[in-house]
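*Asks:* I have a structure here, written as structure tokens, and I will follow up with some questions on it.
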Amino acid sequence: MMVDPNGNESSATYFILIGLPGLEEAQFWLAFPLCSLYLIAVLGNLTIIYIVRTEHSLHEPMYIFLCMLSGIDILISTSSMPKMLAIFWFNSTTIQFDACLLQMFAIHSLSGMESTVLLAMAFDRYVAICHPLRHATVLTLPRVTKIGVAAVVRGAALMAPLPVFIKQLPFCRSNILSHSYCLHQDVMKLACDDIRVNVVYGLIVIISAIGLDSLLISFSYLLILKTVLGLTREAQAKAFGTCVSHVCAVFIFYVPFIGLSMVHRFSKRRDSPLPVILANIYLLVPPVLNPIVYGVKTKEIRQRILRLFHVATHASEP
């Protein structure tokens, strides 16, 4: 429900997204590089999914998890970019209240799913390096599928209360969001009622999901490092080589996320463009960089991509 400043019920059931505060005049031109990054992200992640699906030798847990990561990256960037581009190019700044809640749920739940998949990938590397003889029996295809389903259920279940809590709040101050899309931290600050439940639950989610996942990933790599240090130099190089891409993906996801969360929680200036810029980085950079990192650092994927380009080049020749 939304109410007017006098406390009466209002017919307004929408929010206004202003895009990048302080950069309104530049938004039209900024949309072009953002659109290019979005297209690169979608194309890159679709390429990863296609390669893993069509290359039988890549039907292993690590690459199946990579496909899950690519699918989530496509969805998380698509949940925000079309509306953002509509704001920047067509000044379509309004978003219906329920649509805002749906977008909020999509962005936050997909982020939770991505964190879970990154944790699963760390577990895969731990088993492959520390217990190589048990890898095939521990991470079977049915078990990998169950982990993927668990990632979806966990992300959705943790974030489902957020729109429910927001739905209960009255909004009598303003319906203007200094942002390009709807995030829980921004919407709850517009409420004219006590938001402690939203704040506390938001912190619980960050600690129990993102915080716990990052700690478990760090712990798994400590165990991996302990095992690798006892190997020969050649074996060390091979083991580290299989982990580089995942470590990069972890940093690409968690560093912007933690930075964004800290700025949102502790920033006093609502009109500052910093949280919005960080949010755009958080939702666009991982989907763009993950396929590049895995394409460059993973030999099997790199060779398959080069083969695709080779076939496409010869097919275009007269």
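For all residues, glycine too, the Cβ spot is worked out from N, Cα and C.
Worth saying up front: this structure is predicted, and the values here are computed from it rather than measured.
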*Asks:* Is it the case that Swiss-Prot assigns I87 and I305 to the same side of the membrane?
*Replies:* no
*Asks:* Tell me which of C67, C100, C248 Swiss-Prot records as disulfide-bonded to C182.
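*Replies:* Swiss-Prot annotates a disulfide bond between C182 and C100.
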*Asks:* Going by what Swiss-Prot says, which of N8, N45 is noted as N-linked glycosylation site?
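*Replies:* Record lookup, Swiss-Prot, feature N-linked glycosylation site, residue N8.
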*Asks:* Roughly how many Å separate the Cα of C100 (disulfide bond) from that of N91 (N-linked glycosylation site), to the nearest whole number?
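*Replies:* Their Cα atoms are separated by 17 Å.
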*Asks:* Can you check which residue among the recorded positions N91, C182 has the largest number of Cβ atoms within 10 Å of its own?
*Replies:* C182
*Asks:* Between C182 (disulfide bond) and N91 (N-linked glycosylation site), how many Å separate their Cα atoms?
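*Replies:* Answer for this pair: 16 Å between alpha carbons.
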*Asks:* Should C100 (disulfide bond) be counted as helix, strand, or coil on the basis of DSSP?
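*Replies:* Note: C100 (disulfide bond) is helical by DSSP.
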*Asks:* What else in the chain is close to the topological domain 'Extracellular' (82-100), if you only count residues 6 or more beyond its ends and a Cβ gap under 8 Å?
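*Replies:* That would be 2, 13-19, 27-28, 30-31, 34-35, 38, 180-182, 187, 280.
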